[in-house]
Amino acid sequence: MDSFPKSLNPNKHLREQFVSNLPGSSMLEVSALLNNVALLMLLRHTFCSQTVNDACRSLKSYLASVALDYVFLVLPTLLIFTVLAEWVYICMIGLLLLLVFFTAVKRTYSLPYMEGPNASRASISSYRVVTMFITCLCILAVDFRIYPRDYAKTETYGTSLMDLGVGSFVLMNAVTSRQARNIKSSMSWWKAAFKSTTPLLLLGFARLASTLSLDYQVHVGEYGVNWNFFFTLAGVSILTSILNVPAEYSGILGSVILVGYQSWLTNGLNVYLLSNERGTDVISRNKEGIFSLFGYWGMYLVGVQVSYYLFFENHTTKQRSKHETRIRICLLTIMFWILTLLIDRYVERISRRMCNLAYVTWVVAQNLQLLALRLLADNIIGHKTLCLERAFDRNLLASFLVVN
């Protein structure tokens, strides 16, 4: 592991060891954790008698609504991710039974739910909030011993809750991107690339400078010596701007990139990326971050076409019914789960460190599962929005920067 020869931080090496060489957990356990958060969100919606506009009319009602969000959503999630981690499956079954019970009790009246563009927008926003909420909570909790080590990022192969967060952030950006919505940019590709990547590059260099100046621990096996996630996002944005294909074909290009990259991995690149040997050149020192760009780029392109196929394909003609969208997303979820299990077993195990093909299909499957749960629950929660949900949705990037 690369580090400064003389560290001013006496606990730096110990903290690096605390987040290193971790095996992860099972795909089933990660899925159960995500389902718990989704069920908690749905339960909170069933108790929500006010819309966010009603709650915001006075400071007192707003604070009361936020307090309820914390009690019904934040606190239980924190407990499930820490002290109740051994009972994650029991918690999921219990929450599901509670949701069924309260749904049956409220069947005396029907909650209104939206159709058309607003329905898709509400579903996507809720999915983004759940994803960002889980990501922020894990980033803040991972440095504490009460947070299970099985949920922290794996060293080489395997799955964990935090492994999912990196890919989910990329996929979340793809789902809500201009490409997915088939919105053409009036700027040339290099101007669009400059506009989208400049903030990310500045954030990347700011994080690099802060970690170096504070002598903060950096697990170099994650992205490399100098690389970080903001550079990965910038790289994906640059590559997407250079090869700006229509949304209906982006998945094909993404699949070609992913298959080609996976072939390269299985023919020896994986040995190089997982080795601890590093040269003095920039590529060797940051090999994990640089080469995994191919995986994240392919994931982004696949996410663009999936989002277009589910939500925006008929935007210029007629809006697809929500029933049809539910069928499509359930079929896609099943398809990506089958692909994940087959690739993980017969090609190469899931590896976030390399962002291989199995990792990409796993991230897509898990995120589609979250979206499917949100869409299937519309007849329960209607179109009501929580105050905490609205706050996260309006400040996603700011929340991510604060917790980092």
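A Cβ is built for glycine as well, from the same backbone N, Cα and C atoms used for every other residue.
Taken from TrEMBL as is:
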- 20-42: transmembrane segment (TRANSMEM)
- 62-81: transmembrane segment (TRANSMEM)
- 87-105: transmembrane segment (TRANSMEM)
- 126-147: transmembrane segment (TRANSMEM)
- 159-176: transmembrane segment (TRANSMEM)
- 188-207: transmembrane segment (TRANSMEM)
- 227-245: transmembrane segment (TRANSMEM)
- 252-274: transmembrane segment (TRANSMEM)
- 294-312: transmembrane segment (TRANSMEM)
- 327-347: transmembrane segment (TRANSMEM)
State the residues, same chain only, that lie 6 or more residues beyond the ends of the transmembrane segment (62-81) and have a CB under 8 A from a CB inside it; answer 'none' if no residue qualifies.
33, 36-37, 40-41, 43-44, 47, 50, 52, 55-56, 88, 91, 133-134, 137-138, 141, 147-148, 151, 161, 386-389, 391
Chain residues in Cβ proximity to the transmembrane segment (252-274) (below 8 Å; excluding those fewer than six residues from its ends, i.e. six or more beyond)
156, 243, 245, 287-288, 291, 294-295, 297-302, 304-305, 347-348, 351, 353-354, 356-357, 360
Is the number of Cβ-Cβ pairs under 8 Å between the transmembrane segment (126-147) and the transmembrane segment (159-176) three or more, considering only pairs separated by 6 or more positions?
yes
